[in-house]
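Chemist: Quick one: the structure is below, and I'll ask about it shortly.
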Amino acid sequence: MSPTITHEQAWHARGYSNCAGIDEAGRGCWAGPVVAAAVVLAPSVFQQPDLLAGVNDSKQLDAATRGRLFGQIHHYALGVGVGIVPAYLIDAYGIVPATRLAMLSALLSLPCRVDALLIDALTLPDLSLPQEALIKGDARSLSIAAASVVAKVTRDHLMQTADHVFPGYGFAAHKGYGTAAHQRALAIHGSCALHRRTFQPLLTYDI
C-alpha cells in the first residue's frame, strides 16, 4: 500500500484547505526523545502527487532514501514543523501524553495556517481543530507519511549526535531502540541521562 492524498482531498472538499499530517518517531525507544513532525503539503502536490513519489511509512524506507525524501518534503511542503520531548518529560508524563505534547509542539512550529489535522493513530483532544486519527496513517495518507519521514530523520540525527556525548551505548546504530546490543551496553555501563527510566528494562539500571 502506498499513501495517497485521498484523505487530504476529503478535507479540502469540506472547505479545509490547509490540512496537516502528523506523525512521531521514537515512541517505543528505551532512550532519547520522542519526535513529532507536522507537514502541510503545498498545492503543487495536489496537482502533481508524483512530486513526492516514494514517500511512505518511514519504517519501510532505508536511511539513504529517507534522507533524500527529507529534502524533497521540505521543498514541496507549504510548511514543516517539528516537536521534541526529551526522556525526562516522557518519564514525568507518560509516553502517550508526551507524544501528544510533541505533536502539539510540531503544530505550533508550523510557519503556515492549519485548519484540519490528519494524525497517525492519535487525536489531540485539547485542540478544537477538526481532526481524524488514521490507523496506519503513515501508509495511507501522504502528509502523514511525509511527517513520519521528517520525524524519523530528525530523531536519527539527534541520536547520532548523542552517540558522541554518551559513547559506549551505540546510539548511532540502534537510535535508542531496544536491541540486544543496547541491552548489553546497559549491563556494562548502566543507564545515562537519555534513558527513559520508567521503561522496561531500564527500571533495572541506575543513572
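Backbone N, Cα and C atoms are what each Cβ position is placed from, and that goes for glycine too.
When I checked TrEMBL for this same protein, it listed these features:
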type    : residues             : note
DOMAIN  : 17-207               : domain 'RNase H type-2'
BINDING : Asp23, Glu24, Asp120 : divalent metal cation binding site
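Have a look at these and tell me how they're positioned relative to everything else.
Modeler: Asp23 (divalent metal cation binding site) carries a strand DSSP state (E or B).
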Chemist: I'd like to know which of the binding-site residues Asp23, Glu24, Asp120 has the most other Cβ atoms within 10 Å of its Cβ.
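Modeler: Compared across Asp23, Glu24, Asp120, the most Cβ atoms within 10 Å surround Asp23.
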Chemist: Can you list the residues of the same chain, besides Asp23, Glu24, Asp120, whose Cβ falls within 8 Å of the divalent metal cation site's Cβ centroid?
Modeler: Ile22, Ala25, Ala36, Ala37, Met103, Ile119, Ala121, Leu122, Gly137, Asp138, Ile144, Ala147, Ser148, Ala151
Chemist: With H, G and I counted as helix, E and B as strand and the rest as coil, say where DSSP puts Asp120 (divalent metal cation binding site).
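Modeler: Where Asp120 (divalent metal cation binding site) sits, the three-state DSSP reduction gives strand.
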Chemist: Could you tell me the mean pLDDT the prediction assigns to the domain 'RNase H type-2' (17-207)?
Modeler: 96
